[in-house]
Amino acid sequence: MAKYEKLIPRFLEYITTETRSDENATTIPSTQTQVVFLHKLMDDLKEIGLSDVKYNEKNGYVTALLPSNIDKKVPTMGFLSHVDTADFNAKGVNPQTIENYDGESIIKLDEAGQFVLDPKEFPNMKNYKGQTLITTDGSTLLGSDDKSGVAEIITAMDYFIQHPEIKHGDIKIGLGPDEEIGTGADHFDAEDFATDFAYTMDGGPIGQLEYETFNAAAMKVDIQGKNVHPSEAKDIMINALQVAVDFQDAFPRDEVPEKTDGRQGFYHLLSLDGTVDEAHMAYIIRDFDRDGLETRKAFAAKVAEDMNAKYGEGRVKATIKDQYYNMAEVLKDHMDVVDLAKDAMEAIDIKPLIEPVRGGTDGSKISFMGIPTPNIFAGAENMHGRYEFVSVQTMEKAVDTMIKMNELNVERN
């Protein structure tokens, strides 16, 4: 019998509910499916016996409290995860379970075998010999990012309630929307959450522990062309699409996601659409160093300036907006929070994998709101697409880690 017998049933139930976020929406949360799912989670939290379960209409967060069962006061710990999934088909998720995976075989996702998980293409599969994997059927993403985290947090709280002999302080949990579109934590109420520190359960493989993220900005580029009939176009037409091509060509070709790793930053063209008359581009700009981000933003603004000098003032409008900052700026003064997670992992024979996140987490913003919030593994591999999978054993270890962190929090305070 599984140690956490409701963990996987919860997860499988959650991933079959479609909860994609929508970056073009103006509501909070961005989609009604998230609202419905969050209210369902409220019922689950009440059912297991958590206190102060509530939904915040202003930010879309469901929060709850597991009251302390000890006499002394220890720091209040929080756990956070997000309910939305990435911009890939998430309707009709049909998970497959592969027991005792041998670490070598190709896993056929769809019946026709058009989509497969091949260890030659995905060498991370070799790490899961002997484990139970949950995959997609090739037509959707899985939603392990981050419904693994949701299921793990609720399971850990349920386990504490069922095992009062395990001593713990106050624990707050927060389940929120819209992380995938980068706005979920914008309106997070840190004062109401009121923890001394927290962890997002939103990482990947076992042992992952992250307290460094990118500094991030987004850029939207609007280009106004001049359209006339091609027969009369000489020295008159300004093709907005050609301007867009020239704009993109001005950026360093090797400073893109597909050619960078480690601590290297990048410029990433997300979308380009338009006509001869007008074109629109969307970029993200990333760098681990705050000064590096400012340098990249200045470069992008200079490209727009150069395009206007070439094609006429006002043709190109670049709007650059900061998104989040490297939470290491905060965590460097709170390394005890990182060490607590690291020590908990080591105590249960997990090797911590401490590395910078080539992305961001909700903790990137929440840390700057006064709650130091590193990121911990939740199990998802190959996130955001049809090749996503998760190990049952990794999910169980994530729950183990949360429990051990709380035990250490009591012992050390």
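First residue shown is number 1, and so on along the chain.
Any Cβ shown, glycine's included, is placed from N, Cα and C.
According to Swiss-Prot, the residue from ASP189, ASP192, ASP196, ASP202 that belongs to the Zn(2+) 1 site alongside HIS82, ASP145 is ASP202.
Per Swiss-Prot, Zn(2+) 2 is bound by ASP145, HIS384; the candidate from GLU111, GLU180, GLU346 named for the same site is GLU180. Annotation note: GLU180 (Zn(2+) 2 binding site) sits in a coil segment as assigned by DSSP. Listed in sequence order, the recorded positions near HIS82 (Zn(2+) 1 binding site) (C-alpha within 10 Å of its C-alpha) are GLU179, GLU180, out of GLU179, GLU180, HIS384. Under 8 Å, Cβ to Cβ, and six or more positions away along its own chain, HIS384 (Zn(2+) 2 binding site) finds ALA86, ASP87, PHE88, LEU141, ASP145.
Report note: the Zn(2+) 2 site is defined by ASP145, GLU180, HIS384, and the residues of the same chain whose CB lies within 8 Å of the CB centroid of those residues, excluding them, are THR85, ALA86, PHE88, LEU141, ASP146, MET383.
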